[in-house]
Amino acid sequence: MMESGVPICKTCGEYVGFDSHGEVFVACNECNDPICKACLDGEIREGRKSCTRCGTPYNEWTELAVAEEESGNHMTMASHLNPAVDGTHARNISSVSTVDSEYIDESGNPIWKNRVESWKEKKNKKKKPARKSKKEAEIPSEQQLEENSQSVDATQPLSRVVPIPKTQLTPYRAVIIMRLIILSLFFHYRVTHPVDSAYTLWLTSVICEIWFAFSWVLDQFPKWSPINRDTYIDRLSARYEREGEPSELAAVDFFVSTVDPLKEPPLITGNTVLSILAVDYPVDKVSCYVSDDGAAMLSFESLVETAEFARKWVPFSKKFNIEPRAPEFYFSQKIDYLKDKVQPSFVKERRAMKRDYEEYKVRINALVAKAQKTPDEGWTMADGTAWPGNNTRDHPGMIQVFLGHSGAHDIEGNELPRLVYVSREKRPGYQHHKKAGAENALVRVSAVLTNAPYILNLDCDHYVNNSKAIREAMCFLMDPQVGRDVCYVQFPQRFDGIDKSDRYANRNTVFFDVNMKGLDGIQGPVYVGTGCVFNRQALYGYGPPSLPRLPKTSSCSWCSSCCCCCRRKKPAKEKDLSEVYRDAKREDLNAAIFNLREIESYDENERSLIISQMSFEKTFGLSAVFIESTLMEYGGLPESANPSTLVREAIQVISCGYEEKTSWGKEIGWIYGSVTEDILTGFKMQCRGWRSIYCMPLRPAFKGSAPINLSDRLHQVLRWALGSVEIFLSRHCPLWYGFGGGRLKWLQRLAYINTIVYPFTSLPLIAYCLLPAICLLTGKFIIPTLSNLASILFLGLFLSIIITSVLELRWSGVSIEDWWRNEQFWVIGGVSAHLFAVFQGFLKMLAGLDTNFTVTAKATDDAEFGELYVIKWTTVLIPPTTILIVNMVGVVAGFSDALNNGYEAWGPLFGKVFFAFWVIFHLYPFLKGLMGRQNRTPTIVILWSVLLASVFSLVWVKINPFVSKDDASLISQGCIAIDC
């Protein structure tokens, strides 16, 4: 019978045993590395100074342990260190199933046990042999000191938190509190001082202002504790890349997604792939998976050309340490490329490489030109067979492995990272879930073929700009103190090809440099869809290691608890454990399976019962190979894996029916239900108790392209806002989802609520932008005559808004121009794309109607930033154009009225015109983009806008709703002549 709760030594396979106090022996209190006392003493005698897993030095207690052993005292380290620290994962069982013959071998033992034992043996084979020998006596003392210094450096933290200085943060927080107090006094004044002569206008303005204040609270308070972070890549190398030994850095699987090569140029995708293959990371630790969700032969042939060119590009990039390692962007840099280059052959080899790249571009361009017209009989491959993906909606799954250990090497004979082409199966009648479904297919394929413990996903137009970006992420993920509870490391998005003024706020500087830093001080940044390194275990729906373990029960209680879905009440004396158990079993925080180490704590009979009753298939699907990979907490392929059948197994896991009746898209992988699957995926992870990290290296890790013309930018914002509305109307809405476990912090929840309610700000924003024009046309105003107290309140409110912004810019480093562009586009997007997203979201979620607002492009002759001046017709342009015209008409009418009524009318006119110009200034980039460089505006836009503005003004003059009945009767009695 197995000793309950005692782990097995990773070195000898025996139980680690107990210390003199009856506690489980703990060798390293930092990582709880399972190793018995005998093996530990053997390592100490062989010269091992620190833990083989986390690098924590043994020297604090080595002498004590050895001395006690010599004296016959068998006291263990557990008596000197805190034994209560436990690093196990808190998993919970998602469902129950009967025993399947797939899990039992001929002798009746669980196959799972055999697989785990073989995996342990494989891990033990990788252990480093003792390096100490008699020759160490001959090593000079200087070299020993150097080695000792490196050993000390290897045990230091791999990153650190850099808090914002108190001189910047304290005034910032004080102004926020002051602004909140002033807002309360302001609303008290507004509510208690209605404007009777324009009651409807007053009420509308107050409702809008209350909503704006609510939105400000949601946006402001998650920025209460912003932080910065530093990483130490040199320490990472010292700890995991010892000279003369194989690298111990964790493997990484890269995901690149593409759909239509005619809209996403293959040359751009090829540059992204080349930058991945050339990263500064061990080649055997890197695999790149390219998802072609359009099953285009153009994408496949382009990848073939890219793999061939990579044999030249990768060794050149690493030899001369160039940045960036995407050739298109490297050769287009307007810098001194000879700076810091000392090799005489660099110039010659660079010229030759540039020529090779230009030839590669010509071949890619030829493929693109050929693909413009599809043959009637469909595409044919080089061997004469028909391309399987000729029907993009009905084709089998396709996988092709390039390069790698068994593939072609570079021109110098060195191994290259593995490159894999993947196109998942598609059949009519199946829901494929767009990008989220493609990412989940890559998760399964990569688990079968390489199973790296970490995953980095990139859009096809986001290339690796910093070749050490993966090392930056590993400084968090591989740090035993930091990485235990980290589900992903998010990098900021940076862009190329944007005009200097960033007219439409494409860089999103305020979001990435202000909001994300604030979230990093709470529970971590939100996932933004690209440039993110995931912990694979978090994608599988597991909880973080820091969560409490589930309570241990007997095999009989397991039977009964499984039958009743583990919802029996616990005795009152076990209140704490029952709360933990109940929280772990809640449906909205449902995890996939038990942790490997947690299952090991049971004896063989109990383990067999647990394994037999755990529905692996219902959670992960019917692939036994994939299910086994999920048990490999630290990645890698199991010993039982047959390389000859792995590709066949990978084809199975990308079949269109594989996800049916499983947890894919519901609890594990990328979550379905919204076009912004990134928000949902990160939200689910953090509800389980994970945290994320925001990494901002000095050199941007990744760079991409952004739509810089007005119509495309609004269309992009429309899609984001539509995803937020979909989440708001789903069961995953942060307003009510994930409260059971209490694992999502309140400020983090406020941030997620802000990400889903911001599109609804469009309704009060449009009303508020029309109010100044209405006031000017009617002669009414939303604010009564101000008293001295009211004037102080208004002045204090404006000053607090300005000071808050200034202090925010101070600690974040964002420029005033970026802040102002963000404010302008907040209004532009709010009165256009966000409004359409709200209506489209309700039509889609409530009525089942999927309305699309498409754009059609017109040509442009401009070269540099030519896209900036392209005008494309879209209905999204109508509301902001109408608002602009109405406010301009209102300003003209207001000045005309003041000129006719004399000096007394100029005072009230000032406030009305001020708000009208506030609207016009915020919409100025929109007006500029609407006119274009050549002042060409679509006729339909002008006609609709002028028509709506004219009709609105005429109807308003005719109805005149803000004039009281008494005033109207007096006017009708006194004004008989036309010139009264």
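Glycine residues also receive a Cβ, built from the backbone N, Cα and C atoms like all the rest.
Bear in mind that the values here come from a model prediction, so they are computed numbers and not experimental data.
According to TrEMBL, the domain 'Cellulose synthase RING-type zinc finger' annotation covers 7-63.
According to TrEMBL, the region 'Disordered' annotation covers 122-152.
Among the features that TrEMBL reports, compositional bias 'Basic residues' is placed at 122-134.
Annotated compositional bias 'Polar residues' per TrEMBL: 141-152, in sequence order.
Residues or ranges marked as UDP-alpha-D-glucose binding site by TrEMBL: Ser257, Lys263, Glu264, Asp293, Lys434. Sequence-distant neighbours of Lys434 (UDP-alpha-D-glucose binding site) (same chain, six or more apart, CB under 8 Å from its CB) are Asp293, Val675, listed in sequence order.
For Asp293 (among others), the entry in TrEMBL reads active site.
On its own chain, Asp459 (Mn(2+) binding site) has Val256, Ser257, Gly529, Thr530, Gly704 as residues at least 6 apart in sequence with a Cβ closer than 8 Å to its own Cβ. According to TrEMBL, the Mn(2+) binding site annotation covers Lys435, Asp459.
Note: Asp678 (active site) has non-local neighbours Val526, Tyr527, Val528, Gly529, i.e. same-chain residues 6+ apart with C-beta under 8 A of its own C-beta. The active site annotation in TrEMBL covers Asp678 (among others).
Counting same-chain residues at least six beyond the ends of the transmembrane segment (756-777), those with a Cβ under 8 angstroms from any Cβ of the stretch are 198, 201, 204-205, 207-209, 211-212, 215, 218, 679, 721-722, 724-725, 727-728, 733-735, 827, 830-831, 834-835, 837-838, 841, 879, 883, 886-887, 889-891, 893-894, 897, 909, 912-913, 915-916, 918-919, 953, 956-957. Sequence annotations record features per position, and here TrEMBL assigns transmembrane segment to 756-777 (among others).
The transmembrane segment annotation in TrEMBL covers 789-807 (among others).
The transmembrane segment annotation in TrEMBL covers 827-849 (among others).
As annotated by TrEMBL, transmembrane segment applies to 870-893 (among others).
If you look up TrEMBL, you'll see 905-927 (among others) marked as transmembrane segment.
According to TrEMBL, the transmembrane segment annotation covers 939-959 (among others).
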Between Glu264 (UDP-alpha-D-glucose binding site) and Lys435 (Mn(2+) binding site), the C-alpha gap once rounded to whole angstrom = 14
Write down the Cα-Cα distance for Lys263 (UDP-alpha-D-glucose binding site) and Lys435 (Mn(2+) binding site), rounded and given in Å.
-> 15
Least Cβ-packed of the binding-site residues Lys263, Lys435 (other Cβ atoms within 10 Å) is Lys263
Per the Cβ under 8 Å criterion, with at least 6 residues separating them from its ends, the transmembrane segment (789-807) contacts 168, 171-172, 175-176, 178-179, 182-183, 185-186, 189, 193, 220, 819
Consider each pair of residues in Ser257, Lys263, Glu264, Asp293, Lys434, all listed by the record as binding UDP-alpha-D-glucose, and report the largest Cα separation in Å as a whole number.
-> 16
Beyond the flanks of the transmembrane segment (905-927) by at least 6 residues, Cβ under 8 Å = 503-504, 710, 769, 771-773, 775-776, 781, 783, 821, 823-825, 827-828, 831-832, 880-881, 883-884, 887-888, 890-891, 894-895, 897-898
Binding-site residues compared (Glu264, Asp293) - highest count of Cβ atoms within 10 Å | Asp293
